[in-house]
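What Swiss-Prot says about this protein:
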ACT_SITE  HIS64  active site, charge relay system
ACT_SITE  ASP109  active site, charge relay system
ACT_SITE  SER205  active site, charge relay system
DISULFID  CYS31-CYS162  disulfide bond
DISULFID  CYS49-CYS65  disulfide bond
DISULFID  CYS141-CYS211  disulfide bond
DISULFID  CYS173-CYS190  disulfide bond
DISULFID  CYS201-CYS226  disulfide bond
DOMAIN    25-250  domain 'Peptidase S1'
CARBOHYD  ASN102  N-linked glycosylation site
SIGNAL    1-18  signal peptide
Amino acid sequence: MVLIRVLANLLILQLSYAQKSSELVIGGDECNINEHRLLAIVYTNSSQCAGTLINQEWVLTAAHCDGENMDIYLGVHNESVQYDDEEGRVAAEKFFCLSSRNYTKWDKDIMLIRLNIPVRNSTHIAPLSLPSSPPSVGSVCRVMGWGTITSPNETYPDVPHCANINLFDYEVCLAAYPEFGLPATSRTLCAGIQQGGKDTCGSDSGGSLICNGQFQGIVSWGDNPCAQPHKPALYTKVLDDTEWIQSIIAGNTAVTCPP
């Protein structure tokens with residue numbers, strides 16, 4: 001069963017659909033307080049996701065994280081401790097690859113959010129640039145999030161967790177999920193640990209996959225339970241949409257994603 005990795009508000013829901021709702025990192029450790037300055041928490045009436053700050057006014061996340069009354073928080077490390085530079089914002093505008101807001105298991109699970117007020121760079125807040133080159137298969141990549149650290153029973157931590165996973169050829173994910181009829185080629189990245197034990201999971205959706213220091217992927221979907229052997233997760237490929245993202249930020253809001 002595949003999971004869209006999102007945490008439902010009030011009730012923690014495990015969605016048995018082919019998208020990772022926002023999940024916490026399985027098999028990871030508490031992130032160093034200085035390594036997740038880019039990490040946003042994205043709340044709506046019905047879900048919790050993650051996002052990535054790409055400049056002082058814009059956050060990139062997954063399309064399936066969309067919802068009403070969106071709040072975005074940056075600079076948070078411990079939910080029990082408030083830091084002086086924590087920032088809370090609302091979504092002033094949201095942009096999707098398709099005007100219908102459609103997305104699939106393998107394409108266009110991406111949403112660009114303009115914050116109502118820009119944030120300031122600080123000790124705990126800093127953007128991560130868009131990628132300039134594609135990642136290499138075999139790369140060790142970093143994932144981070146506030147999602148559940150256990151699966152299928154869910155345990156949500158007070159601090160974000162980080163883990164290292166491997167980038168695979170897309171064919172590995174193609175073979176792992178024959179029941180979903182994935183296309184022969186895809187604009188997603190396939191990443192995980194073949195023996196299992198490390199994975200993104202519930203409430204990590206929309207977070208970043210960072211390979212060799214570059215923001216290469218957005219947490220999209222994966223298996224349920226999470227972190228199973230031979231069941232890597234799929235991540236929206238950021239590089240394919242950089243021109244669209246940059247055009248939106250520049251004010252060309254009529255631009256469309258590449259086909």
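The backbone N, Cα and C atoms fix where each Cβ goes, and this holds for glycine too.
Feature map: Swiss-Prot annotations on the structure.
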residue	record	DSSP class
CYS49	disulfide bond	strand
CYS65	disulfide bond	helix
ASP109	active site, charge relay system	coil
CYS141	disulfide bond	strand
CYS162	disulfide bond	strand
CYS173	disulfide bond	helix
CYS190	disulfide bond	strand
CYS201	disulfide bond	coil
CYS211	disulfide bond	strand
Fewest Cβ neighbours within 10 Å, where candidates are the disulfide-bonded residues CYS141, CYS162, CYS190, CYS226: CYS162
Residue among disulfide-bonded residues CYS141, CYS162, CYS173, CYS201, CYS226 with Cα closest to the Cα of HIS64 (active site, charge relay system): CYS201
Number of Cβ atoms other than its own within 10 Å, given for CYS173 (disulfide bond): 26
Spatial neighbours of CYS49 (disulfide bond), counting only the recorded positions CYS31, ASP109, CYS173, SER205, CYS211, CYS226 and Cα distances within 10 Å: SER205
Between CYS173 (disulfide bond) and ASP109 (active site, charge relay system): CA-CA distance (Å): 17
Mean per-residue pLDDT computed across the domain 'Peptidase S1' (25-250): 92
Integer Cα-Cα distance in angstrom, CYS211 (disulfide bond) to CYS162 (disulfide bond): 13
Between CYS226 (disulfide bond) and CYS173 (disulfide bond): CA-CA distance (Å): 14
Three-class DSSP secondary structure - CYS31 (disulfide bond): coil
CYS226 (disulfide bond) versus CYS162 (disulfide bond) - Cα distance in angstrom: 15
Cβ-Cβ neighbours of CYS211 (disulfide bond) (radius 10 Å): 23
CYS65 (disulfide bond) to SER205 (active site, charge relay system) - Cα separation in whole Å: 7
Distance [Cα-Cα, Å, rounded] between CYS226 (disulfide bond) and SER205 (active site, charge relay system): 13
